[in-house]
């Protein structure tokens, strides 16, 4: 059997999600520089997340070929979401115009945010238009499991193959991110997929327990407190929404897998002091825990007050705050402050309410199914929001991309809907 005949057995959604699930691994390979040195071009690819942007554009164009229209998708939104999108667009545009010497960087960052929204609409369109003869909801989640496991595996392989481990800048030069903490919450978002199949899957529970434990080990190895906390909070909210659909046995297996993964991270060698569970525990014991973030938050509030209504523009935080306070952060480590800083009170509030409406839409659709895909869509969105309360998961395109994939899986048609035909409204 040749490759073409195999591909013909897949519908558009199946092909799309296989390609999209492979993107994190592709991102790793594109940014693979194990000498620790980056050319300006390599830095731009990593810093701007260009592989993610290229993939999103490709998926949108792919969806257009299957009768997806941006204007039609916008009109199908309710009156309130349309108004909020319009408010955000107006203030985002104004803040770009007022960004002065940073207008190009701000324009690109703003276009990336707009692209996230269009991408989400496109990928949900592909999910709803699936023509598969059987239910593909759990299958779609299993594809995300494979993608997350391959991504984490490539990062580990990269760490093992570094030629000069003593001098390598570990915390800054691992592929697909500009900081090791980013990789932690990328994997935290990806780990919701195997968790959902532990809780609500029908087969291979033991295999998904091992996969989830392995990904939790990676998160703890990365030293990212926010990723672990966000995963826990997202799990709790998802479980609360699903309610009686979860069995005590499955919940117990998930808890055991989580703690097994955390425990396993203790014996995994840490290449630098910035890594590992010991680093997280020691940082919690410090007297000034949270003081670094609180300083950034207070400084951000001060700057927000200087342009309260309009904001400063997306993509301007790093340079502006470095010039004023000497900070070297891309975001304020708190997504509400990030939105207000970028787009002002009106634009930031509109963006926040759009996230809330998206959550409610996931809950509404999820309660119609009560399956692994429903849990994954809800819990992944809660996970990225929880991480973003103390970190920057809602700033980086890859984490937003991964969340969009999981959300779309919650909208895949099941067998009964395939008989009735795909839904056409949000």
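Cβ coordinates are placed from backbone N, Cα and C, and glycine is handled just like the others.
Annotated features, as they stand in TrEMBL:
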- 12-32: transmembrane segment (TRANSMEM)
- 44-64: transmembrane segment (TRANSMEM)
- 80-99: transmembrane segment (TRANSMEM)
- 105-127: transmembrane segment (TRANSMEM)
- 139-162: transmembrane segment (TRANSMEM)
- 182-200: transmembrane segment (TRANSMEM)
- 205-221: transmembrane segment (TRANSMEM)
- 211-349: domain 'O-antigen ligase-related' (DOMAIN)
- 227-246: transmembrane segment (TRANSMEM)
- 253-272: transmembrane segment (TRANSMEM)
- 340-360: transmembrane segment (TRANSMEM)
- 372-390: transmembrane segment (TRANSMEM)
- 396-413: transmembrane segment (TRANSMEM)
PLDDT averaged over the residues of the domain 'O-antigen ligase-related' (211-349): 89
Rank 12-32, 105-127, 182-200, 205-221, 396-413 by Cβ pairs under 8 Å to the transmembrane segment (80-99) and hand me the top one. 105-127
By a Cβ-Cβ criterion of under 8 Å, what residues six or more beyond either terminus of the transmembrane segment (139-162) are in contact with it? 13-14, 17-18, 20-25, 28-29, 32, 34, 36, 127, 168, 174-176, 183, 186-187, 190-191, 193-194, 196-197, 201, 208, 211, 214-215, 218, 271, 372-373, 376, 405-406, 409, 412
Across the domain 'O-antigen ligase-related' (211-349), DSSP labelling yields 101 helix, 0 strand, 38 coil
Please work out which recorded stretch in 105-127, 182-200, 396-413 has the most C-beta pairs separated by under 8 angstroms from the transmembrane segment (44-64)? 105-127
Can you tell me which parts of the same chain pack against the transmembrane segment (105-127), counting only residues 6+ beyond its ends and a CB-CB cutoff under 8 A? 12-13, 16, 20, 48-49, 53, 56-57, 59-60, 62-64, 66, 68, 70, 73, 85, 89, 92-93, 95-96, 99, 140, 313-316, 319, 358, 397, 400-401, 404-405, 407-409, 411-413, 426
Grab the same-chain neighbours of the transmembrane segment (396-413) for me: Cβ-Cβ under 8 Å, and only residues 6 or more beyond its ends, written as numbers and ranges. 13, 17, 20-21, 23-24, 27, 49, 52-53, 55-56, 112, 116, 119-120, 123-124, 126-128, 130, 135-137, 140-141, 144, 176-177, 182, 185-186, 189-190, 192-193, 358, 362, 365-366, 369, 373-374, 376-378, 380-381, 383-384, 387, 422-423
